[in-house]
Structure formats: C-alpha cells, structure tokens
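What TrEMBL says about this protein:
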BINDING   Lys81, Gln144, Gly176, Asp207, Lys350  UTP binding site
BINDING   His177  substrate binding site
Amino acid sequence: DGNISRKDFDGFKEIFHRFLQVKGPAVDWAKINRPPEDSIQPYEKIKTKGLPENIAASLNKLAVVKLNGGLGTSMGCKGPKSLISVRNENTFLDLTVQQIEHLNKTFNADVPLVLMNSFNTDEDTKKILQKYKHHRVNIHTFNQSRYPRINKESLLPIAKNMGMNGENGEAWYPPGHGDIYASFANCGLLDKLLAEGKEYIFVSNIDNLGATVDLFILHHLMSQPADRRCEFIMEVTDKTRADVKGGTLIQYENHLRLLEIAQVPKAHVDEFKSVTKFKIFNTNNLWISLPAIKRLQEQNAMELEIIVNPKTLDGGLNVIQLETAVGAAIKSFNNALGVNVPRSRFLPVKTSSDLLLVMSNLYSLDAGSLTMSKKREFPSTPHVKLGSSFTKVQEFLSRFESIPDMLELDHLTVSGDVTFGKNVSLKGTVIIIANHGDRIDIPAGAMLENKIVSGNLRILDH
C-alpha cells in the first residue's frame, strides 16, 4: 500500500531527524523530582466513589486496545505471541475476547476490541479472528508502522528495497508501542471510534493477563468535571526486586513524565533501579482520552522520547532501532494521573516461569479473567525460576505430566534435565538441580516441602 508506506516514511523521517539532533541522555538528572502526592492516587481511594447506576453508559464510551505486535519467539513459538495457549487451551487472545464479551453481555454494552498488530503478526491474527465472528464483541485491527533498521556504523538504512522478502525482511521493524498514536490516527480508526461516541481507550499489552477493564477507574474518568477532564491515567504498581527495569513516573518541568531505564545516564542506573527512590513502576495499563489524542495528533504536539534499541542481526551486522513508548506521551495530556493499582493488575507472561504460575491452581479462571485463588494464604505470587531446559513452551509442556499444586509455594528454582510426574505438590522453598548429564524425575504424587533435590534421581518402570 503506497499510501501507508508514505506515512510510515514521514514518521520515520521525523524520528530519525530528532535522533540525529539529540546529543546525550534525554533527561537532566538534576531536574528529576518525585511526583507530587496528589498526582498518584491510591486505587482504594478511586474505588470509594463506588459505581454509578448506569455502568453501560460509561462502558459505551470505551474501547479496549491490546498491543498485539509481538511474536512468541522468546518463548520458542512461531507466530503472534497472543496465539500461545495459556490456560485450558485458551490463548491470550481467547481470554481477551471472553473478558470483553462477558462485559458486553453483563451490562448490555458495546465495548469494541481493537488490536494493534505489526507486520509480523497481522496476517496470522486476522486468520484467527474468523473464529470470533459470532461472539458479542466487535473486533477491529490496525497496523503499527514499519520503519527501516539503521546500520549502527554508517547510520544508513540496510534495506535493499521496500519489499519484505528474503533477507530484506530483516531490514524492517515495528517502532515500539509509542507508534500507536500516529498509526491509530492514520488508519482512520480514531475518527471512526470518535464518530461512534467513544471517549476513552483502555490500552494494555496483550500478554498482561491482569489488564482487565476496571469499572472503578472508568467511572473515575467519566465523573470528572468537564473543565478538569483527566485525559490520561497510567496504572502503576509498587516495585519489587523483580521489577527494577520497569519505567517509573517522575515530575519533570512541571509535568508527570515516564522515565525508562534506556533514558537514564549510566552513572545513575543503580539509583534508578533502587526500590526506595522510585517506588512504583508503569504496568502499561493506560486510559487515554480519544478527543485528546486527536487534538495532539493534529497539532503534532507529542514529542515522545526516543529509545535507541541496539540489535545484532543473524549475520553479525550491528543495527539500531529507534522506538518510542506509549506511556511517554503522558507529559502531553492534561490533568494526567497515576493510579497505584494492586499487583494483581500486572500479570505479564514473558517467560515459561510466568506461564507455570498462570497455568497452576494459584489462579482461577472466570469469564476470561484470572484471579488469585481464595485458597492461597498470602497475596504475593511465588518466585519461580525455571532453567534453560524450560525456555521453549513445547519443551516446558513436555516436562510436566500435570502442573504441580503450588498453593503453598514461596520459591521454586529448577535447573537442568528435570521432569514432573502427575499430581506433584510443591510447598515453601523447593530447589531442584540436575547436574550436567544427570536427570531428575520427580515421581507422581510426590510432595516436596522446603527441599533441595540434587544429583540423579531416575525412577524406572520395572
């Protein structure tokens, strides 16, 4: 499509031009302040407002956008990550459709689902959408831009032509989710949703299973006085040691701003990672005003900080990708707000260790939403570290005859060639380490509580 690639090219030209002009880190560390007290509201406070009589009226002004540009490669899968099965044969996409369909049926509402695909995921995703034709949810898709990768040395594009074939396919990349504003406007969906009376979008990563439509946050947005309309809410949650790389909210030149680790000067990275100075991080669950996006796009007023992402291609060539983050736009919107939400709204599945948690009895599934089982004594999730034999989903699945009972688990480390029989239960801290060349088979029905298993344990059929 000639028109699309022209718009892509204009967008790339602009970001590339800015990249060449900017010298040094994007932030002046001395100007960084903690956000003022009232700019990050506790979720409990927003919840005390309760809900209106007519929730449907609010829901009908909402569209849900899922970021669906990513492939499942880091988990050893081909095709879109959203098509990986996470729970009882349901994929990320299935769960999303079930959640929204449940909302639409329960409240007799019309919340559409919008998928932002990339050129990597578009074709496969569209094929699968046929199966939701008779579900009560209108699904729209649009594509992220396609930008050229740049040779790190020469700063020239490595593409031979505009095509995607053969090794020229490696010459292109989708420029991060900050691209949503431009591509959403360019494809005509922004105007279409505005014409349908939609006022807000709820944006989140499709692999975050905690990112369900929250009626209290929606009501909070809808009940603001017209002259003080909150145009952007970022859901943040308390940092734990596992989240030191997540972006955080800061106050910078009188605006709330998202600070990503990539923007931090080397000397301050440890400070950025500290749990004391920056106590919260961005879940990438965002509520954004559609009229505001339209206004800012027309004024070309969103200058998103550029994230320079270095990559090495298969042939050893060093390239850079210029990317932006959707949350970085927070500084351009009026009356932006952070809402400190419970950890349960951040449940991303990035690795097979995460997958083990969401497949287990720690969670129960109800109408597409995962909730922590009532039987778990404490609210935090166990810390799970599975070794490299579990990285790929296929191999991971072959190592569990059934998913162990993990209700009373605090910590699990597994390394080496380990398999689990049926109905194993794990409690407290369990560490299983098979040395190189050894194999450990945890027998069916085993109960391991505060145990270290090492060496060689093979149980053979007689």
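The backbone N, Cα and C atoms fix where each Cβ goes, and this holds for glycine too.
TrEMBL labels come from automatic prediction, so no person has curated them.
Residue annotation for UTP gives Lys81, Gln144, Gly176, Asp207, Lys350. The furthest Cα pair among them is separated by 21 Å. The number of other Cβ atoms within 10 Å of the Cβ belonging to Lys81 (UTP binding site), over all protein chains shown, comes to 24. Looking at Lys81 (UTP binding site) and His177 (substrate binding site), their Cα atoms lie 15 Å from each other. Geometry remark: Lys350 (UTP binding site) versus His177 (substrate binding site), CA distance 17 Å. Applying an 8 A CB threshold to same-chain residues 6+ apart, the list for His177 (substrate binding site) reads Leu67, Gly69, Met116, Gln144, Asn205, Asn284, Thr324, Ala325, Val326. Per-site Cβ counts within 10 Å over the binding-site residues Gln144, Asp207 peak at Gln144. For Gly176 (UTP binding site), the same-chain residues that are 6 or more apart in sequence and have a Cβ closer than 8 Å to its Cβ are Ile307, Asn309, Glu323, Thr324, Ala325. Within 10 Å of the C-beta of Lys350 (UTP binding site) we count 14 further C-beta atoms, all protein chains included.
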